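A.B. asks: Got a structure for you, questions after.
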Amino acid sequence: MAAIGLGLNLLLLAAYLTCVCCCQKDEDDEESKRPGSRCVSWVSMLAGLVICCAVGVGFYGNSEANDGVYQLTHSLYQANHTLDGIDRLVTGTVSGLEGGLKQHLGRLDEIFAVREDYVRTLHAMQRTADSVVVQLRGLPDLGRAKLNLSTIAEHTLYWEHRRWLAYLLVLVFYLVISLAVFLGLAKQSRWLLTILTVFGLLTLVVSWASLGADTAVAVGTSDFCVSPDKFIVNQTEDIVPAAITHYYLYCSPSLLNPFQKLLTIFQRSLTTMQTQTQSLLLSTALHFPTAQRDLFGIQQILNTSESSLHQLTALLDCRSLHKDYLEAVVGLCYDGVEGLLYLCLFSLMSAGAFCVLLCAIPRLLKHIASREREYDDIDEEDPFNPRARRTVARGRSSSQSHVHSFCSYSSRESQSSLHLPPPLPTTTNAPIAEYMNQSMLFGGNPRYENVPLIGSGRSSPPPSYSPSLRSTYLSMTDSQIRHFGTDLPV
């Protein structure tokens, strides 16, 4: 379905782009182009915002799916730990009863050879121990179930880690593309928008592919979550009987523990053997002192077996495994499926946004190209041309920066601190000698900077001073004049 959707999407996109390239509008009507350009820019910006929202949804869905899978694997490991504990207890009890108890009974049989009543007691203990071993060996092969659970958990963690990392890279890539869309719209960059078109096609394919994969996994997981009990019973019927599986899956008070009979027999057998061992200890303490060591060894094995029995009873209870089962189902069927649905929504939103973006970018490129052509066709000699205005403004600023100050007695900072009025742009016809004498009067040395520019056809205005300033200068000494620019108050 995702492949069909991708094919239809690419087909419709190709048809639209063909219509855009072949059926161009008249580009002479500038008033009709401006609203279209603004509309295309706004559509592209909204598509970028939708991509950002889709990325946020994707991050949430990826996190939820990852949390659900990790809860599933944690529950599987916990159940595997419980099964491993049961297997170890059963194996240890069987090895103790078959190995250690048999050795002690064999030595006691030789010691008590002269007492037939003691020998019959030892044989009865051996038959009881063999019965318990047979009952324990009749338990389901939990090693296979344990191996299956550990294999499922390891494979699930392996693929989940790679799925989470792949989606994280895809989400970061989508976020970078959305930011590049905003940058291209702000800069009106043709090359950036062209690159975004290429990456948009790639992301469109990735979006449809992720949609297909997420939908397939979500549908399969949902089918399991509709009836997980039936699925587990069918999968474990070759390993564990259906009655035992139902006991752990439902854990109802009305259901009897299928191991209750075995545990009861085990408890009674241990009680009987402990009673017999205690009786032998009391009756043989005086006549057979060498038998005390083996009898104490048998008593220690029976005490260890009783401790294992209590632990085995707790582990075989349905509450522990049922709790792990419920946590696994909740993690997979709630958090996991919810995360997959959010990832499907992310794929749909991103595919739609990239499709709109791929439709809008060619029109935006056409508007940018037409505007650049119109800008290049503007006459350079036109005084209303923005380029010509900028050129004239730069020429004026450069010419003003080369004009020296007409006042030689102070710097520009002192003039600005004095708040002197700007010189009047008046033109005078006085002879050059008058300007030089005036300069000698105020500065002490003849200055030629105020001489009119005769050769250029323009005249430089002479310095004009107010009467108060001239009288102030005439009343000063030479040292005061040199520090005039720094001594006067602002």
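Numbers run from 1 along the shown chain.
Each residue, glycine too, has its Cβ placed from N, Cα and C.
The following feature annotations were taken from TrEMBL:
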type     : residues : note
TRANSMEM : 6-23     : transmembrane segment
TRANSMEM : 39-60    : transmembrane segment
TRANSMEM : 164-185  : transmembrane segment
TRANSMEM : 192-211  : transmembrane segment
TRANSMEM : 340-361  : transmembrane segment
A.B. asks: With the transmembrane segment (39-60) as the reference, which stretch in 6-23, 164-185, 192-211, 340-361 has the largest tally of C-beta pairs below 8 Å?
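C.D. replies: Top-ranked stretch among 6-23, 164-185, 192-211, 340-361: 340-361.
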A.B. asks: So if I exclude everything within five residues of the ends of the transmembrane segment (192-211), which remaining residues of that chain have a CB under 8 angstroms from its CBs? That is, six or more out.
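C.D. replies: Those are 2-3, 5-6, 9-10, 167, 170, 173-174, 177, 180-181, 183-184, 343-344, 346-348, 350-351, 354-355, 357-358, 361-362, 364-365, 368, in sequence order.
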A.B. asks: At a C-beta cut-off of under 8 Å, are there same-chain residues at least 6 beyond the transmembrane segment (340-361) that contact it? List them, or none.
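C.D. replies: Here the qualifying positions are 9, 13, 16-17, 20, 40, 43-44, 46-48, 50-51, 53-55, 57-58, 60-62, 64-65, 167, 174, 181, 193, 196-197, 200-201, 203-204, 207-208, 210-211, 214-215, 217-218, 221.
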